[in-house]
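J.: Have a look at the structure that comes next, please.
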Amino acid sequence: MSPATLFALARPRSATDRTRFRLLVATVAIAGAFLLSAWRIKRLGFGEYYDSPKFSDYLQEYGIRSGVTFAAVLLAAASYLLAFQALKLGTAARDRRLAAFRLAGATPGQVRGLGAVDAGIGGLIGGILAGPLYLLLTLAIQALPRMGRVLPPANTVDLAAWPIVAAVLTVSAAGVGALLGRGVIAEPRVREAKGPDVTRAAVAGAAGVGLILLSHLIDRQFYAALVPFGLGLLVICLALPTLLVAWQGNRLERSSNPLKVLAGGRLLRTVRPHGRTLAVLVLCGAAVGFVVSMGIELAQPNHVYDISFHVPGLIFAAGAAVFIAVIAGVSLLAGTADDLLDQRRQLAALNVLGVGERQLRTSVRFQLTSSITWATASGLLIGGLLYADLTSRDEFGPNQTPGLLATLAVVVMGAGLAWLIAGLAAFLLRGHVHEAVAPENLRSS
């Protein structure tokens, strides 16, 4: 098969495919910009003090400089993981297309090649856009006060590194696309949607709590105690979305409101694909809650640390968490749009039976608000409580009351903001709902 044919077949054709493609390009470009940022900071070196009155103390001190580099790499990894999630969006629609391609006589290698080209095009465009995005990032950071300048200006070496990063992103995206295409190499079959595995999630959550309790037994080496503490936090944040979705889905299904019953059924059916994105929201919420609690402690009058040094770092950490949460929210929005596409025949049948488009939009709003709001609030609460747990281990630690009260206030405000954003996201999906309930969808398979 010629490359031109592969490119023609890989071209996005539906609105959902185009949304998925734009999301893929955006997340790959963001990942590339963070990789270029990490490489720029790394070139300053990690072994000596970098004296410069123009840059933040976070860049001048070599110990902290390595941490800033690692944070940039983590942001790049998180963005690329969301790019992987973007590749999985629209899987049902792409599976049908690839299955038809296979039944038409395509070889397994051609099916894998089509998946690789589909993802590789997005990776290539994202890698090309990573350079201008990185340049804009450096210019924006240079406009900040000195303590906020955690990234040096771009130079000619970055111009040489840009094509390398673009090539790496393209190849890795193409490889992932080829791997995701392996599921349709065999004869196509209908796969039953699996519900939430509550037992496994509960066991994992209990194990996470056990790791945090285990860290209390390591009282002589504080940094050694952070290892089980961090692992416990990660396990809890990964297991919690399944429990939350199962709870909310069952609660909505028991409601007397039929629209909530519909929302609960969709919530339980999509727990696995959307659970990964909700886990990112919980992690980001935990990071913000942790940072806010730390900021409250720094604001206390009896604190001995330099606020001007710590506050910029806390702001950048919270901003990075919010940034990743926004990307995760966009990914969840695209996944919900794809779910509407897959269920268009059932939704069209409901419309014929009297469930109007407005009622279905309300059901989608119930689905999004019940998952996003609780995931965000849970993450904020976890972050604040775990910071209080860490500081309580010091016998000379600060008073916990202001921090806990601030945590509760942040949880309430964060939950309210998440509810409003989820409602706005449901409003943005009104076009997808309109297309899904069209009567001609009754003829679709």
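Using the three backbone atoms N, Cα and C, a Cβ is placed for every residue, glycine included.
Unlike curated entries, TrEMBL annotations are predicted automatically.
This is the feature table in TrEMBL:
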{"type": "TRANSMEM", "residues": "21-42", "note": "transmembrane segment"}
{"type": "TRANSMEM", "residues": "62-87", "note": "transmembrane segment"}
{"type": "DOMAIN", "residues": "70-179", "note": "domain 'ABC3 transporter permease C-terminal'"}
{"type": "TRANSMEM", "residues": "121-141", "note": "transmembrane segment"}
{"type": "TRANSMEM", "residues": "161-180", "note": "transmembrane segment"}
{"type": "TRANSMEM", "residues": "201-218", "note": "transmembrane segment"}
{"type": "TRANSMEM", "residues": "224-247", "note": "transmembrane segment"}
{"type": "TRANSMEM", "residues": "278-299", "note": "transmembrane segment"}
{"type": "TRANSMEM", "residues": "311-335", "note": "transmembrane segment"}
{"type": "TRANSMEM", "residues": "368-388", "note": "transmembrane segment"}
{"type": "TRANSMEM", "residues": "408-429", "note": "transmembrane segment"}
J.: What same-chain residues lie close to the transmembrane segment (224-247): Cβ under 8 Å, and 6 or more beyond its ends?
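T.: Counting only partners 6 or more residues beyond its ends, the transmembrane segment (224-247) has Cβ contacts under 8 Å with 195-198, 200-202, 204-205, 207-212, 214-216, 218, 267-268, 271, 274-275, 278-279, 281-283, 286, 371, 374-375, 378-379, 382, 386, 390.
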J.: Report the mean pLDDT of the predicted model across the domain 'ABC3 transporter permease C-terminal' (70-179), rounded to a whole number.
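T.: Overall, the domain 'ABC3 transporter permease C-terminal' (70-179) comes to a mean pLDDT of 83.
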J.: What is the number of residues in the domain 'ABC3 transporter permease C-terminal' (70-179) that are helix, strand and coil, as DSSP sees it?
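T.: The domain 'ABC3 transporter permease C-terminal' (70-179) comes out at 94 helix, 0 strand, 16 coil.
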J.: Out of 121-141, 311-335, 368-388, 408-429, which stretch touches the transmembrane segment (62-87) the most, going by CB pairs under 8 Å?
T.: 311-335
J.: Residues of the same chain, at least six outside the transmembrane segment (278-299), with any C-beta under 8 angstroms of its C-beta?
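T.: Hits for the transmembrane segment (278-299): 78, 81-82, 233-234, 237-238, 240-241, 244-245, 305, 307, 310-311, 314, 317-318, 320-322, 324-325, 328-329, 332, 371-372, 375-388, 391, 398, 402-403, 406-407, 410-411, 414.
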